[in-house]
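Enquirer: What TrEMBL shows for this protein is this:
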type    : residues         : note
BINDING : G165, R166, S167 : NADP(+) binding site
DOMAIN  : 6-120            : domain 'Tetrahydrofolate dehydrogenase/cyclohydrolase catalytic'
DOMAIN  : 139-280          : domain 'Tetrahydrofolate dehydrogenase/cyclohydrolase NAD(P)-binding'
Amino acid sequence: MNAIIIDGKKTSKDIKDELIIKVEELKNKGVEPTLAVVLVGKDPASQVYVKHKKKACEYVGMRSLAYELDEKTTEEALLELINELNDRDDVHGILVQLPLPKHIDEEKILLAIDPSKDVDGFHPYSVGNLSIGRDGFVSCTPAGIIELIKRYNIEIEGKNCVVIGRSNIVGKPVSMLLLKENGTVTICHSRTKNIKEICKNADILVVAIGRANFVTKDFVKEGATVIDVGMNRLDNGKLCGDVKYDECSAIAGAITPVPGGVGPMTIAMLMSNCVKSANNMLK
Ligand SMILES: Nc1nc2c(c(=O)[nH]1)N[C@@H](CN(C=O)c1ccc(C(=O)N[C@@H](CCC(=O)O)C(=O)O)cc1)CN2
């Protein structure tokens, strides 16, 4: 069997194209959706992601405000900037690029962002809303995974969904979202016993463990949907997922590649959250 390749690059472009119209409508109502992007330090990967976020804002017609702060910026100075952005009526989304330098307490920073502008969906208020099925901001990678599954008409309701990984930014929220869609959800992690057997029973397998090529063909049920969230940089500089793509795509029914699968969806969903936030301001 040759799996359908779930194209995150194309889907993210489709979403951004749809957002162009929504941004235009907001502008016609007198609201210019604005995202504040905060980067502390010079982590090369973070610099690239921030650049892509600014480009995505431009593409959908949204304003972005860039705050590129020195590596040595203090926690107090960063909190002060966030408070300023919280108070500004013309800022609809605030994003602090992660990871932050070690001397800054990430949790304290995320907690300082006004939940009504939490377009990353990392604030405990947003996480709480998600866990009780209330509407709110959902973190972008998990939201992107569900969007991909839906746009490829893959049914979640009643299916066995197995998530490998229990991180706060992917594993836990994507499990909540699959549950919200009426999937039967199992979360596996480093202490799980019989992980292969559990995965082999999955109709939808989401892999977010951060270990290159961890999932081999003997984890995958014939015809299953395999979503690879891994982004592992190899010594040769190549990007590699958590799933052994060649052998698993011969068994799966549908599969995301790395790169070009889940990754690009993260930024598309960020744009979507910003538009949602700007819309909320109209209410
Ligand atoms: N404040 C946040 N920080 C971080 C987040 C986040 O959602 N909010 N997620 C990641 C990084 N990230 C966005 O910030 C991100 C990662 C990867 C991609 C992407 O498109 N990946 C490409 C490959 C890119 C490459 O070649 O390196 C792909 O998978 O095709 C987009 C965004 C951590 N920090």
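From the backbone N, Cα and C atoms, a Cβ is placed for every residue, glycine too.
Since the structure is predicted, the reported quantities are computational estimates derived from the model, not experimental observations.
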Enquirer: In this predicted model, what is the average pLDDT of the domain 'Tetrahydrofolate dehydrogenase/cyclohydrolase NAD(P)-binding' (139-280)?
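Expert: Per the prediction, mean pLDDT sits at 97 for the domain 'Tetrahydrofolate dehydrogenase/cyclohydrolase NAD(P)-binding' (139-280).
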Enquirer: So which other residues, same chain and not among G165, R166, S167, have a Cβ within 8 Å of the centroid of the Cβ atoms at the NADP(+) site?
Expert: V163, I164, N168, V170, G171, K172, I187, H189, A208, I209
Enquirer: List every residue in the same chain as S167 (NADP(+) binding site), at least 6 positions away in sequence, whose Cβ is under 8 Å from its Cβ.
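Expert: Same-chain residues close to S167 (NADP(+) binding site) (Cβ under 8 Å, separated by 6 or more) are A208.
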Enquirer: Is it possible to list how many residues within the domain 'Tetrahydrofolate dehydrogenase/cyclohydrolase catalytic' (6-120) are helical, extended or coil according to DSSP?
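Expert: The composition, in the requested order, is 61 helix, 18 strand, 36 coil.
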Enquirer: I'd like to know which of these binding-site residues, G165, R166, is least surrounded, judged by other CB atoms within 10 A.
Expert: R166
